[in-house]
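Colleague: Have a look at the structure that comes next, please.
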Amino acid sequence: MRSKLTIISAASLFFISGSAALIYQTAWQRLFVIFAGGDIQAVTLIVTAFMLGLGGGYLLGGWLADQQSAARNLLAFALVEAGIAIWGGCSQWLYHDILCQQLSALTGARITGGIVLIILLLPPTVLMGMSLPLLARALTRKVDQAAAHIGCLYGMNTLGAAAGALLTTWYLLPQHGISGSIDTAVMMNIACAACILPFIPLSFGEQTEIMPAVPEAAPTTPGLSGRMKGFLLLHAVTGFLALGLEIVWFRVLGVMLKSTAFTFGTLLGIYLAGLGLGALAGIWKAGRSTNPLRTFLWLQASLAVYAGLSLMLLLQAIHHAPWCAELLAYLDSYEPIDINMSIQLLQHHQAAHAGLPDPMLLPILHGLIPLLLILPATFLMGLSFPCLQKAAQTDLAHIGTRTGWLQAANIAGSVAGALLVGTLFISWLGSARTLELLVSIGVVLGLLALAGTQRLRLKAASWLALALVTLALIPSADDFWASIHGTTADKMVHVEDSTGVAALKKTAPAPGLPGDTMVFVNGTGQSWLPYGHVHSVLGALPALLHPNPQRIAVIGLGSGDTAYSVAPRYQTEEVICVEIIGGQIEALREHHARHPSPSIKALLGEKRIRHVRGDGRRFLMMSDERFDIIEADALRPNGAGSGILYSQEYFQLMLKRLKPGGYAVTWVPTSRVRNTFLRVFPHVLDLGHIIIGSPDRIDVSASDLRRRLGHLEVRQHFRLADVPIQELLAPYLNANFRTHIIGPETSRSQFTDINTDLHPRDEFHLSRLWEPEPEQEVINAE
């Protein structure tokens, strides 16, 4: 296959294949989170299953590629793409309709759920992994072409993956949901399979041409020589480094940007774009390098130092440069930027409403900052890829096998990075010390690059000095996270573990503020201290309306306001509060120890509240217990992952877990949430921003509310936490609740604009960019 046009065509198809793979990964991961949960153990399991399949595919594809002619490898590539399309076409039925809806009980034991995930992910991910070795072997006629061809294919495939991540996040999920996203990926795979077929006849007769005698210096078998083992070890270490940095970047930027549904896909797209562009540029770099292994080591060492230094310089600039004042104010603020509203304001050149972030921060937060921190480092990662290929690929007969080995070793390192950094190092060391560790790994790689040199050049000495300065600049964990929250360590308490960053920050007293302490989860404001706002009403109102609330489940802890306020009645035996952020309760304790708070003291002293760490929806899915009240703490509808707590399927799950006469309660941030809720519950009490649903008739009155509010134990409960409950519930004390009742006789047919697991419209609400639909009213929680 001699024509450059053939190489370009194949690389273009591989770009499309990479896009399809990331679309699948994004869509499937959302479905697997519903099945296995969104806690760190489940997410790590999902990522590991993906990587294991890819690694196995690289090995299998590499072995197969070296056994076949170019024509057979192209045919195998077409079959692989067709196989992915077939699996993708069945995946919604298999992963959602069967796995999530029928087999959810399998997640009761982590090991059972893990086995199921691996079994169901292996077929498509093995096929995805096979594609690179097959195509690389089919296109490479000479050993000196290997680095360029493999680098080109890898670069284009990774750029396609970047495009897939951005396309899915910003267009496919908002407009077409998971179903439409998967359908798009299926069509891409079919196009790849069909378009490669015309090239197969052109490759007939090339078998003898592309299999010249093996050079004397090259091994005649694909066995692992000592040199090759060294390459595999290095690629595994750099895979660990790449995944470790990705986890730290995404943790830090998630907090800094106050993550929304659009944050992860944007960061992933930038990460992959740098990798792909670097791999393409690395073709030229590898061609000019006389010592590709040393070049590879230098590039890896440099990217690690850049990753640490760039973040430290950025934080210094934000806190000290006058032109970063608006950005510093955003880090210190409570509310995340509203993507949809910011796009509207930018389109019409309007300023934000008072108290809301400047819309000009949108391109800075989701563009400039990630580009500065991530893109140069991942560009260097990609730049190094063809260099290692050039060093390792010395035998034309085993190009496929060695490509598979190298990629599998990189995947193994990445899996280790996901497991060790994502679940252990972040919890034990924290992000700051983990970053220090990763930079240190880069320093070791740099020292390896210096090994064997006759003298320490000025350039190498300068690099080493810069690396040591970078390590010295990384601050303590307290200063690190205070800086990212736009404050100083003396004003903030934080607890970081693998699940996220919980923080409480003192604020300067000001008129109109709900309190003097903001409660943050992953950088986004969740509640205030002291108690006494919307969260108090959300907890207290259903508890005081229910005739006998014995057992209650609350999803989300935040400041603890909702969980505490739902337990004022003596009939309540237990409140189970499920919180996915493991350090949240500990952060409240630490804040109370430093700044005594009547609210937290009352929460910690309430023995009927049992705190459970985990995913709230999964807890309900696995629980056999029935509850008198189930509610989720107030959650922004556009927050990352919020769609699974505002979907039709979630509300149906709540309905199944209620006792007869039980209440399901939710905050109503948009009209679409109300529509979804009304579609599920036959009996509804619609109180505006709070809505209550039940399987049975709801019989409530203002007189019952006033009577229960006057009970001694109720007054004492709220007095302990300094909650002005009488004032907060005043709008309801004389309400005619009968006028707010919606019964089963009311038709639900008009409620068609709803949220589902397959199309979380509110979470990915982006009407200002794609469609002129009526705006959803969004209510900010304090």
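Glycine too: its Cβ is placed from the backbone N, Cα and C atoms.
Not measured: the values here are computed from a predicted model.
Look at TrEMBL and you will find 31-61, 73-95, 115-136, 148-173, 185-204, 231-250, 262-284, 296-318, 364-388, 408-429, 435-453, 460-477 tagged as transmembrane segment.
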Colleague: When you scan the chain for residues with a C-beta under 8 Å from the transmembrane segment (296-318), skipping those not six or more beyond its ends, what do you find?
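Modeller: For the transmembrane segment (296-318), the list is 234, 238, 241, 245, 248-249, 252, 324, 327-328, 331, 369, 372-373, 376-378, 380-381, 383-384, 387-388, 391, 435-436, 438-439, 441-443, 445-446, 448-449, 463, 466-467, 469-471, 473-474, 483-484, 486.
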Colleague: Please indicate, using numbers and ranges, the residues of the same chain that are 6 or more beyond the transmembrane segment (185-204) and have a C-beta under 8 Å from a C-beta there.
Modeller: 1, 6, 9-10, 13-14, 16-17, 19-21, 23-24, 27, 69-71, 74-75, 77-79, 81-82, 84-85, 88-89, 138, 164
Colleague: Can you tell me which parts of the same chain pack against the transmembrane segment (115-136), counting only residues 6+ beyond its ends and a CB-CB cutoff under 8 A?
Modeller: 10, 14, 17, 21, 24, 28, 32, 35-36, 45-46, 49-50, 52-62, 64-65, 73-74, 76-77, 80-81, 83-84, 87-88, 91, 94-95, 99, 103, 106-107, 146, 149-150, 153-154, 157, 399-401, 403-404, 407, 411
